[in-house]
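What follows is a short report on a single structure.
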Amino acid sequence: MSQQGYVAAPPYSQAQPGMGGYQGGFGAAPAQPLYGHYGGPPQSFNAPPPGMVKSPVSAAAGMPPPPVSSPYNSNVQQNGAHPQRYPPSPAASAPYSQPPHSVYNNMASSATQQLTNQMTSMNLGSYASGPMQSPPPPTSSVAQQPFQTPPPGMGQQPMHPSPQSTRMLSPPQSPSASMSMGGPLMGGPPMAGQSMGGPPMVGQSMGGPPMAGQSMGSPPMAGQSMGSPPMAGQSMGGPQMAGMGTAFPGSPPPGPGGFLQPGSGLTGPQQAGQFGGHMSGPQPGFPGAFPGAPGGLAGPPQKKLDPDSIPGITQVIVEDRAKFGGQIFSTNIRGQVPPLITTDFTVQDQGNASPRFIRCTTYSLPCTADLAKQCQVPLASIIKPFASLPKNEAPLYVVNHGDTGPVRCNRCKAYMCPYMQFIDGGRRYQCGFCNCVNEVPVFYFQHLDHMCRRVDFYERPELSLGSYEFVATLDYCKNNKPPNPPAFIFMIDVSYNNIKSGLVKLICDELKTLLEKLPREEGAESSAIKVGFVTYNKVLHFYNVKSSLAQPQMMVVSDTAEMFVPLLDGFLVNYQDSRAVIYNLLDQIPDMFADTNESETVFAPVIQAGVEAFKAAECSGKLFIFHSSMPTAEAPGKLKNRDDKKLVNTDKEKILFQPQKGVYEQLSKDCVTQGCCVDLFLFPSQYLDLATMADVCSHTGGSVYKYNNFQVETDGEHFLRDLRKDVQKNIGFDGIMRVRTSTGFRATDFFGAVHMNNTTDIEMAAVDCDKAVTVEFKHDDTLSEDTGALLQCALLYTTISGQRRLRIHNLSLNCSSQLSELYKSCETDSLINFFAKSAYRAVLNQPIKNLREILVNQTAHMLACYRKNCASPSAASQLILPDSMKVFPVYMNSLMKTAPLVGSTELPTDDRTHQRLSVMAMGVEDTQLLLYPRLLPLHNMDVSSEGVPAPVRCSEERLTDSGTFLLENGNSMFLWLGQASPPDLIQNLFNVPSLAHLQGNTSSLPELDNPLSKKVRSIISDLLDKRPNSMKLQIVRQRDKPEMMFRQFLVEDKGLHGGASYMDFLCYVHREIRQLLT
Ligand SMILES: [Zn+2]
């Protein structure tokens, strides 16, 4: 093995082609920072007050809960009796001006551990020579993922280890050959009896027989172990990584990658780039490359790297839970990194918004644009303005200043908040955002205490809390009129298929009970939301359900080109008043169309009708559209099949994701203007151009649900769960949100199911508790370590009862001129949310292979910058990861294997689009789960305990023949049963004697009276309650065909449709990092 990896690295070279993050890659370069955005240079703050004085002010009744000292801030000096310290201004605040040395930070900080050297055993080292030869790697009975390759018909035979093909890496100079890190790593011994394809095809492996002397591996370094004391940076790997480098002669980027998978990489030109190219996956001629499926190339028994040695998400989750689970997180410290999104903790608002509302990619911004550019860590916040709060956390206080409305800075219009500093005896205040000094309105005057804090500090949420609401005055209402309560219109496609499948009846029956549960204002007896009903196929039917009618009346509009609403009075009604007529209608609808043979539908006119109805009623609201086919009837917005798999993996692939413009574009604008949100429930049996049909949803805060080949018996309950959740969601309408920042940086880009009419106002026809907007920030100027960076997110919206309100979320971040502070304060879950959204948006404009390249490059760049600037010196061969980002590569690799980015012709275009659009509106919790599913072992859990078993890593290796696992990612849920599952377990769960007796498409568990059955069903039902969407439980037996579906969620393994294993990816990234550092 070559020693060259140990050679001292030449100076760090920053400029790498294609490294420019999004600049170079994701389309148009971002506009230059606009200096002086806030007009004029930042003014200096007044000197901090001489010192915080203990001045307990008792909290008024009904006010925020008594301060509780944070378990997280023990190291921070307390300056008063109150842990709750909101400095009059950030500048003046002692606690805010010193970087928090919280437990968090400490933990996240220098906590760089030297991971060892397990990479060593990864050892591709059969060619390594001499002393570097590695000892036999740890082996386990669990199989490695086998090679994925072609040979058809090789189905069920066990793999034959072939000494020959072992660790063949790529032959050197051949580009296509150099791609092979995947090989050796993945070729572990097959599980006994597992079908992984036939005999290894040597020639097909990674480029042929290895060339002597080319070793990728190297021996582990004795004494280096994972558990070694933390050093700066987490280091993985060792010399063998050096060896890896040698396996990729020639370098990098657009070049042939070290990343292609055996069998796949060699087939076509498009596979040439490591990430740019199609990464493995089913190639033409290699259908279904999938372990366990026919077509696996048998790999030789491999020495393998102990997977436990590389950073794992489950471990990170478990550790964070152990540290912070069940504790209180007080938001009184600037720049404090919250516990992970996967940890259950209680938030106490003490001056900054709860992480449930805002999470950030880093809680310490670099002071300068140069530093930001240097590290390439995106600076972004993920804002979920309507996030649900657990019952033990106080709902937001509503502040009512009567006719005068909220107090705002004259210059930047920021709302009164804890970051305003009162001066001049309380007569004036200095804005924390723009530094402007404002007069305090007379009605708002209050004296200051010794700490220069208003004596009513604890009585006013807007002075002491991070999040609260203001009642908006008429100035904030359309036409200066108070809004009407919003309305829900249910619009049901009654064409032939929907009637025949029983869907229409299912919906009508459900609405009878569901409408009783419309969301209502806290304390209100009934919901103020009005309801209306439309059915349609080629024409639209409106219903008059006025309470005074004995029978509902139908009005038909067949002129779909000029949509209008034929009735005003009686169309949108109060459900309570019209219950009898509505019941009557819902009973009649399925019968009315029972004999229909109309199979064509319109679509755009349906949405148009909804908008017109809201316009006429002067209200906002939501359309619930239940639709099953492409709208082909002659009408505006008529669509035709434009699906074209030939575009996949070409520069024109983006066309598949782009919506048709014209009618739908205008419709989106109309909807947003009217505050009309569109939720789409799709029941397709084939392609229906979801990109276009769902376009309106994706701009109006809507959701898209999709049930392929819907059948009432197997999918009915799944759909109804979604519908129930959707109707009952906490939601606001006709919203407009603005994110203000303190001087020096500003929001520049926005990702979400929103509409941007200009560069600052985020228009949201509706926003519910699961929708998040990701906001990216750029520097305008230099940020100050003393004052930090402040955000204020203000959302003006209409409540479900028709009140106009302003919801305010404030957050203060640290700033540092040390990159180490930034890395310490990074949040991987948020970073990956940002990357997912930015890449998914870029899919509309760029070939996905470019995107993958950019993602990998930026990953390498962020980590290389850490290595260069923050980590303590170590061998170049070691992979050093910042503790806060140690599992970032797992997520990134998983992201690149998601349907929108994978470029496989096997994935339906509509499915890819659906995922793309769903993710654009997701918050951190949802993207985390989507990109790293929860895999829970159920076979050895304690059925009497309350808890849920700890998740295991998403890899085939974690499965066992006799095991039972539950996997879920927020969209899909599987119960996987090993082929050797004990009969009593099967009996207890399914009431059948063995696996063989299980019905093919079982999708639910029978209610059996035994502890295991109860426990499993309760775990499943808790998960279903917790997630925003329903998931259909799919039961798969090991080695059955449907198991393929399940395996694509084992994201640490090689992708089913292409994409590297985590281990390979890590090695590849490491190589890229090393190149950046040389
Ligand atoms: Zn201001």
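Even glycines carry a Cβ here, placed using N, Cα and C.
Annotation source TrEMBL lists compositional bias 'Gly residues' at 18-27. The feature compositional bias 'Low complexity' is assigned by TrEMBL to 91-100, 154-194, 281-292. If you look up TrEMBL, you'll see 406-444 marked as domain 'Zinc finger Sec23/Sec24-type'. As annotated by TrEMBL, domain 'Sec23/Sec24 trunk' applies to 483-727. TrEMBL lists 732-816 with the feature domain 'Sec23/Sec24 beta-sandwich'. Sequence annotations record features per position, and here TrEMBL assigns domain 'Sec23/Sec24 helical' to 828-927. Taken from TrEMBL, the feature domain 'Gelsolin-like' covers 949-1020. The region 'Disordered' annotation in TrEMBL covers 1-105, 122-308.
Across 483-727, 732-816, 949-1020, the stretch most heavily in contact with the domain 'Sec23/Sec24 helical' (828-927), judged by Cβ pairs under 8 Å, is 483-727. DSSP states for the domain 'Gelsolin-like' (949-1020), grouped as helix (H, G, I), strand (E, B) and coil, give 24 helix, 12 strand, 36 coil. Averaged over the domain 'Sec23/Sec24 beta-sandwich' (732-816), the predicted model has a pLDDT of 97. Each residue in the domain 'Sec23/Sec24 helical' (828-927) gets a DSSP state, and the totals come to 69 helix, 3 strand, 28 coil. As a summary of secondary structure, the domain 'Zinc finger Sec23/Sec24-type' (406-444) carries 6 helix, 11 strand, 22 coil according to DSSP.
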